[in-house]
Amino acid sequence: MPSNPGKSFYVTTPIFYVNDAPHIGHAYTEVAADVLARWHRQRGENSFLLTGTDEHGEKILRTAAANQSTPKVWADKLVEEAWLPLLETIDIDNQDFIRTTEPRHERNVQKFLQHLYDTGFIYRGSYEGNYCVGCEEYKTEADLIDGQGDFAGISVCAIHSKPVEKLQETNYFFKLSEFTQPLLDFYEANPKFIQPESARNEVVAFVRRGLEDLSISRSKEKFDWGIDIPWDESHITYVWFDALLNYITAIGYGEESAELQQKFADLWPASVQVVGKDILRFHAVIWPAMLMAAGLSPANQVFGHGWLLVGGEKMSKSKLTGIAPNQITDTFGSDAFRYYFMKAIAFGQDGSFSWEDLSARYQAELANGFGNLASRVIAMVHRYFDGVVPEEFGLEAVDLHVAEVAKAAAQNADAAIEAVAIQDALNSIWTLVDELNNYITVQEPWVLAKSPENKERLATVLNTTLEGLRVLAVLLNPFIPKATAKLWAALGDSVGELATQQIQNAGNWGQLTTGVTLGQLEALFPRIEAESETK
Ligand code: MSP
């Protein structure tokens with residue numbers, strides 16, 4: 001269960017390699033985590049979304065040097081020019097942004113390391129293995145495949161399709177092997193810890209084969225862009241060991257102040273950690289073992305989502321299939337971006353992106369299905385009732401049915417989000433969009449408006465549809481916050497601020513105050529000119 005009864009809802013995204021250019025794969029992880037955070041906030045919970053950047057390691061050192069810069073200055077520039085703007089582009093409401101070069105992170109990574117060293121979980125040893133710089137990870141034989149093209153005849157990393165480097169190192173090791181059984185016991189006792197089910201099975205099978213100790217430092221003779229090992233300054237911390245700790249250093253781990261200690265107690269363990277399936281093992285194996293070694297609880301859940309595929313391949317900058325999020329939002333807007341990726345792909349499975357599918361869904365589902373519904377209803381209230389919310393004069397079975405669909409939509413969507421089934425949540429909400437469109441088609445308010453004796457029935461029909469729009473605004477707010485804010489403004493201030501509307505009450509009928517005057521509603525999802533539809 002991702003929720004933590006009586007506690008805050010804490011959700012994290014992976015921290016992004018600062019060196020990469022943000023693409024829609026990164027944005028996908030962000031949007032999913034943001035939707036979960038906003039939904040729980042809309043339930044009235046103290047919801048906290050953390051994201052940030054992963055700034056140490058050899059890759060960033062090399063690119064900074066190639067750009068005649070120092071790694072910190074280079075990272076500052078990338079955070080300012082690429083990563084913070086990404087959050088604006090896709091409308092992320094994060095409560096914090098952690099950078100692994102910040103003092104609050106560095107000093108507490110050292111504290112954590114020292115603690116594990118003092119308690120015997122870290123020792124000095126030597127290791128030889130195949131290292132992939134792209135993954136920043138040692139690879140086993142099973143992780144390698146036969147190379148193609150330039151690399152034919154040699155083994156390459158299955159993820160990066162590039163050769164691995166044979167490394168022989170003397171450095172510090174974390175006793176990961178000691179956690180094979182404790183992790184298996186933990187998975188068994190917490191069957192929802194790794195989701196989805198297929199990901200869980202894969203991780204459990206991997207751990208059952210037995211874990212090896214993990215090299216967690218690098219000699220400074222090779223490169224020195226990282227956090228010093230506190231008891232041996234000739235070594236720096238392995239970048240993944242450093243990066244994983246962001247989830248606790250950002251919320252006060254290791255800090256002295258009472259306020260931060262309280263914050264840590266409130267937020268940890270995280271409710272759900274959203275990661276791409278390529279980095280699931282780090283989060284579902286190494287990370288919980290690190291926490292167990294330090295006497296801390298693992299997160300409640302790690303959710304491994306699928307990949308965005310472009311032309312059938314994992315979209316990535318290095319394979320030149322990367323699409324920048326603003327290529328989409330410049331034309332379609334951030335709401336459409338958020339909606340599209342959450343609705344078109346089952347969260348947890350791979351999904352293909354195509355401009356055609358995006359355009360088609362924008363037009364059919366957002367512009368026609370939802371946007372037109374809202375503007376037609378509000379326009380009719382202006383036309384037939386001078387913009388004043390009409391009262392209802394006795395609900396008939398068809399009207400009560402709309403109320404029932406609304407209630408079920410709210411309950412089912414809430415249950416789906418609890419299960420991190422984000423697409424199912426939108427499908428549940430869309431049952432109400434479809435119901436309202438059908439209801440209007442059958443009730444024909446424009447026909448009722450022609451005869452004065454039908455005035456009361458017309459009032460009831462428009463009151464019912466306005467109630468339906470109110471429910472939609474609340475349920476869709478975590479997904480398409482810009483459009484719902486506009487709709488809410490048009491619904492008038494008859495039920496208070498949108499932010500205070502709780503999901504749990506959204507399906508209760510009859511909350512709009514009659515007699516209140518509605519605002520005007522601009523087109524929520526305007527028509528997009530044909531030439532920009534197909535890029
Ligand atoms: N820095 C590490 C994470 C450290 S977390 C302690 C990292 N960074 S990353 O920038 O490469 O990836 C961040 C996230 O973006 C991952 O969840 C990854 O799966 C996601 N994606 C990158 N490309 C993707 C797709 N094509 N599709 C979906 N998500 C993908 O790994």
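Placement of Cβ uses the backbone N, Cα and C atoms for every residue, glycine included.
These features come from TrEMBL:
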- 9-142: domain 'Methionyl/Leucyl tRNA synthetase' (DOMAIN)
- 16-26: motif ''HIGH' region' (MOTIF)
- Cys132, Cys135, Cys157, His160: Zn(2+) binding site (BINDING)
- 156-377: domain 'Methionyl/Leucyl tRNA synthetase' (DOMAIN)
- 314-318: motif ''KMSKS' region' (MOTIF)
- 410-532: domain 'Methionyl-tRNA synthetase anticodon-binding' (DOMAIN)
Cβ-centroid neighbourhood (8 Å) of the Zn(2+) site, Cys132, Cys135, Cys157, His160 excluded: Val133, Gly134, Glu137, Lys139, Asp143, Val156, Ala158, Ile159, Lys162, Val164
Residues from the same chain, set at least six apart from the ends of the motif ''HIGH' region' (16-26), whose C-beta lies under 8 A from its own: 51-55, 57, 59-60, 63, 75, 78-79, 82-83, 86, 99, 276, 307-308, 314-317, 322-325, 328, 341, 353
Long-range Cβ environment of Cys157 (Zn(2+) binding site), under 8 Å and at least 6 residues apart: Cys132, Gly134, Cys135, Lys139, Asp143, Leu144, Pro163, Val164
Average pLDDT across the domain 'Methionyl-tRNA synthetase anticodon-binding' (410-532), rounded to a whole number: 95
Tally of residues which DSSP labels helix, strand or coil - the domain 'Methionyl/Leucyl tRNA synthetase' (9-142): 65 helix, 32 strand, 37 coil
Assigned conformation of Cys157 (Zn(2+) binding site) - DSSP reduced to three states: strand
His160 (Zn(2+) binding site): tally of other CB atoms within 10 A of its CB: 15
Cys135 (Zn(2+) binding site): tally of other CB atoms within 10 A of its CB: 19
Cys132 (Zn(2+) binding site), number of other Cβ atoms within 10 Å: 20
